[in-house]
Amino acid sequence: MSELNTNNRALKWFEARLPVVSFLDHSLGTKYPAPKNLSYMWNFGSLAGIVLVIMIISGLFLAMNYTAHTDYAFNSVERIMRDVNYGWLLRYIHMNGASFFFIVVYIHIFRGLYYGSYKPPREVLWWMGLVILLLMMATAFMGYVLPWGQMSFWGATVITNLFSAFPIVGDDIVTLLWGGFSVDNPTLNRFFALHFVLPFAIVGVVILHIWALHEAKSNNPLGIDMKGPNDAIPFHPYYTVKDLFGLGVFLIFFAYFVFWAPNYMGHPDNYIPADPLVTPAHIVPEWYFLPFYAILRAVPDKLGGVLLMFASILVLAALPWLDTSKVRSAVFRPIYKWFFWLFFADCILLGYIGAMPAEEPYVLIGQFATAYYFLHLIVLLPLIGWFEKPKPLPESISAAVSKKSKGGHGPVPANAPAQEKA
Amino acid sequence: MADTAHTAHGSSEGESRRDFLLYATTAVGAVGAALAAWPFIHSMNPAADVLALASTEVDLSPIEEGQAITVTWRGKPVFVRHRTAEEIEMANAVDVSELRDPQTDEERVQKPEWLVAVGICTHLGCVPLGQKPGEPKGEWGGWFCPCHGSHYDTSGRIRKGPAPLNLPVPGYEFIEDQRIVIG
Amino acid sequence: MRKFILTAAAAVGLSLAATTGANAAGAIEVPDESWTWEGLFGYYDKAQLQRGFQIYNEICSSCHGLSLVAYRNLQEIGFSEDQVKNIAAQREVEDGPDDTGEMFMRPALPADRFVSPFPNEEAARFANGGALPPDLSLMAKARPAGADYIYHLMLGYKDEAPEGFELGATQYYNEYFPGHAIGMPPQLYEGMVEYADGTEATAEQMAHDITGFLQWAAEPELEERKSLGIKVMLFLIVLTAMLYALKRRIWSDVEH
């Protein structure tokens, strides 16, 4: 790690013993090179990190006022809403923050799919992302149980019952998860404990995710590697300010929901205290689980549905090998580009089907959409990679950027840095 | 901060404008972050239901002269002592100006025979002894804090030991001759 | 900037597409009413809420609890401290144990939560022919159409069930109740309440007022939330605009 360039003697003294400033400078600062052509689609990674921090902080303060007991949980949440100073704000930030976390992460994932960010040398980076997604889903599910409303209780019942599908050990697993013979106080207690600790596991995997990113460096809209200093700019100040601007825009959307539509993405039934004797008419998971819920319901067989649902995420881990094209970015893949949007639409369709009651025509549409989901990943991706003729790639990022600004936006500004090849 | 990566061809006018913008934006962002921290911090202050907690009513009639009871008010012990004539005399027989926390006995009671004080040592929050018969009452016949040896007199004033202040007198009123409401 | 707008639009589209589905599963269409608390600058009409409280207190409270609201909260809708003390003192709560170890009844204080009419669910069902009158604290949030649903439910009774519709002995036909067979008899008859402020007590007026009161009971933080939201939003717009200008300036020496 190189010397920190500073005249501050106290800082120098400290840096010689714990070089934290130069560490940050190398990882997120002026010494970390990033491609100069990243679009706003590249904002969502750091944004997800910030949302994670917002969730942990708001969750911490909520936990100070929450009681994890079936007799008190519902009322303790309502006490937060009514009596705790700004408790309503903390809870609505946390509640809507969960939804926005998934919005941000889903956009981040689809960006990776479009620009081939999972391809070599970023396979492990991609895997770490999938681990984060799985941990997020577990955390979100258990968090939704904590207010102990009707949807909390029945969501917990339905999801934990998924594990009963496994032969022989299924029922024992479910009893183990419950700590009893139904979803009850022991279940609520362990879910609270896990909901509190899992986000810190997410932080750990996020660090691995960023570590892997720093080995391979960022992908970019062209999908070609940085070849020299002309292709790169320092992360700070260029991407710090761009990420902060993106954060501002995000917060405007977020604030709209927190202050004016805090329950829009929730479900009214969760404002009814849990009743183990009455199941609500329509049980639907939170919106971010709907596509997976649709896949679960597409299979008439209990075990089959469960396996397929887990498979729908696990199959993504094999994506670096299923996609046989050597070209990363869909910009240069005329055929894949269309199939990407088809796949995107299929995922949205699955989400819609997941919200619909289990009746025709939704069941049939759900089955087709599920089939297409796997067809795209397992069959179409390898085939497209073999048969597609990609467009020629630009020789470098700087060459492409230069050409674009010459062609599209008039003459190159006089003060632009020199673009000669390094 | 941002200047480190800045290359040398910006005009000086542009440079200063960027600096101004940078400082202004940083200032606005910092103010926003500070304001955003307030709801989180304030959530740790007593909630509305805690502040609204009912006051405590105490029936004084069963307390014999020379006896004391401890009641709970806002989760804290409150000493109510039915003082004897001798104890009242002891409380008055002191040169107030020599006290660490000068207060006359009159300022601390509404009716001389009844002393009401929060039973929490003003040193570090222990509950002093002296309520029950047989407990040490300290050198001035009031209370004695076993944690660090503070002595309180029969008016609950600090006389010896590390505590800086007298036992605080909570707000209370007589709603009947033998009945008070604390808080 | 074009790309940025596309990105933002995609984000909104994704979230909307995903949530419309979730809300589409309702059964009965409830007409949309307009209320003072809706919109960017929504607020509560305190006079309406006080009338609504009067209806709750005189009619609803004989069967329905409001257990999450405290009497002290009534000061927020314009009752004075003394009025609140009097309102609370009309009800009795169990307290204790006293010096002899017995529980005893005492008049409620402003710090107490609203006293529920029945001690437990079994007692409530027993007194109501097996039907359970739900607690109303969160009613305006716990039904898909919220306040609109409450309003129309109060006025949605039909004297006769449609032909072929089977009603139980203690059930009534209501257009807006899920399944239409409701255990609660029609409640609001013209003039059954004499409003303290002299407002004419038509059924519509009463339904309107009780809806307002229950909306407040469910979301007492609404006014504070929306007014804080305006400030936060203005601040964020200014900060984001400044960040955008700063971003443009910092990026001005880079071809991208």
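Including glycine, each Cβ sits where the backbone N, Cα and C put it.
Automatic prediction, not curation, is the source of TrEMBL annotations.
As written in TrEMBL, here are the features:
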type     : residues       : note
DOMAIN   : A:10-222       : domain 'Cytochrome b/b6 N-terminal region profile'
TRANSMEM : A:40-68        : transmembrane segment
TRANSMEM : A:89-109       : transmembrane segment
BINDING  : A:H94, A:H195  : heme b b562 binding site
BINDING  : A:H108, A:H209 : heme b b566 binding site
TRANSMEM : A:124-146      : transmembrane segment
TRANSMEM : A:158-179      : transmembrane segment
TRANSMEM : A:191-213      : transmembrane segment
BINDING  : A:H214         : ubiquinone binding site
DOMAIN   : A:225-395      : domain 'Cytochrome b/b6 C-terminal region profile'
TRANSMEM : A:244-261      : transmembrane segment
TRANSMEM : A:303-323      : transmembrane segment
TRANSMEM : A:335-355      : transmembrane segment
TRANSMEM : A:361-387      : transmembrane segment
REGION   : A:400-422      : region 'Disordered'
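Features as recorded by TrEMBL, highlighted on the structure.
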residue	record	Cβ within 10 Å
A:H94	heme b b562 binding site	21
A:H108	heme b b566 binding site	21
A:H195	heme b b562 binding site	21
A:H209	heme b b566 binding site	22
A:H214	ubiquinone binding site	14
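For A:H195 (heme b b562 binding site) paired with A:H209 (heme b b566 binding site), the C-alpha to C-alpha distance reads 21 Å. Counting only same-chain residues 6+ beyond the ends of the transmembrane segment (A:303-323), those with a CB under 8 A from a CB of the stretch are 113, 116, 118-120, 122-123, 126-127, 130, 133-134, 162-163, 165-167, 292-293, 295-297, 370, 373-374, 377-378, 381-382, 385. Long-range contacts of the transmembrane segment (A:40-68) within the same chain, counting only residues at least 6 positions beyond its ends with a Cβ under 8 Å from a Cβ of the stretch, are 76-77, 79-80, 84, 87, 90-91, 93-94, 97-98, 100-101, 104-105, 107-108, 111, 114-115, 143, 146, 188-189, 191-193, 195-196, 199-200, 202-203, 206, 218, 220-221, 239, 242-243, 246-247, 250. Mean model confidence for the domain 'Cytochrome b/b6 C-terminal region profile' (A:225-395) is a pLDDT of 95. On a Cα basis, A:H108 (heme b b566 binding site) lies 20 Å away from A:H94 (heme b b562 binding site).
Below 8 angstroms of C-beta separation, residues 40, 43, 46-47, 50, 89, 92-93, 96-97, 99-100, 104 of the same chain, each at least six residues beyond the ends of the transmembrane segment (A:244-261), sit close to that stretch. Reduced to three states, the DSSP call for A:H209 (heme b b566 binding site) is helix. Each residue contributes its Cα atom, and for A:H108 (heme b b566 binding site) and A:H214 (ubiquinone binding site) those atoms are 17 Å apart. In the three-state DSSP scheme, A:H108 (heme b b566 binding site) falls into the helix class.
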